[in-house]
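Visitor: Okay, so TrEMBL annotates it like this:
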- 1-24: signal peptide (SIGNAL)
- 25-124: domain 'Phytocyanin' (DOMAIN)
- 126-149: region 'Disordered' (REGION)
- 134-145: compositional bias 'Pro residues' (COMPBIAS)
Amino acid sequence: MSPSLQLVAPSCLLFLSLPLLLRAADYTVGDGPWDTGTNYAAWADNHAFVAGDVLVFQYVKSQHNVFEVTEGTYRSCDTAAGVLKGYTTGFDRIELTEARSYWFICDYPGHCVGGMKLAVNVSDGGSAGRGDAGPPPSVPMPPPGSAAAASPPGSCRSWAAWALTLSVFVVVNYM
Ligand SMILES: [Cu+2]
């Protein structure tokens with residue numbers, strides 16, 4: 001295989017897998033343990049969640065937990081009311097089934113007030129692509145509702161054709 005084809009083939013594979021990447025994904029919250037030392041607001045800002053994504057909370061279960069709460073309780077950290085669900089296993093996989101906002105806190109004393117809280121906005125995924133998994137710059141995203149599978153193979157064929165042309169050019173001129 002020529003060097004240029006070796007470069008193009010992974011690009012094609014990546015591009016062909018983009019429709020899969022655009023579907024549900026698992027996210028380890030904070031990219032590490034669920035704890036008091038992580039800026040979860042910044043982490044959430046750097047991700048675009050779609051319905052079907054899964055948040056994975058990993059923590060020492062004797063030290064933390066995960067409560068899904070209302071927005072008011074997220075802000076007040078007062079769990080006397082507004083608790084929707086509690087998770088305590090130390091490895092909680094929570095699917096974001098709906099396009100809406102979700103709020104999570106740790107209910108151990110002082111942890112929520114100390115910043116151990118997460119708010120995520122979940123979109124339906126049908127009309128907007130992810131912000132953090134952009135396609136190659138030369139290839140536009142398919143418009144909403146179009147047959148997303150229709151264009152990638154053609155694009156990759158043209159990539160391959162381009163690579164083949166370049167290879168022939170190199171062989172003819174330099175070998
Ligand atoms: Cu905690």
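The backbone N, Cα and C atoms fix where each Cβ goes, glycine too.
Note that the structure is predicted; figures quoted are calculated from it, not measured.
Could you give the neighbours, burial and distances for every feature on this list?
Guide: Residues in the domain 'Phytocyanin' (25-124) partition by DSSP class (helix H, G, I; strand E, B; coil) as 15 helix, 36 strand, 49 coil.
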Visitor: Averaged over the whole of the domain 'Phytocyanin' (25-124), what is the pLDDT?
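Guide: 98, rounded to a whole number.
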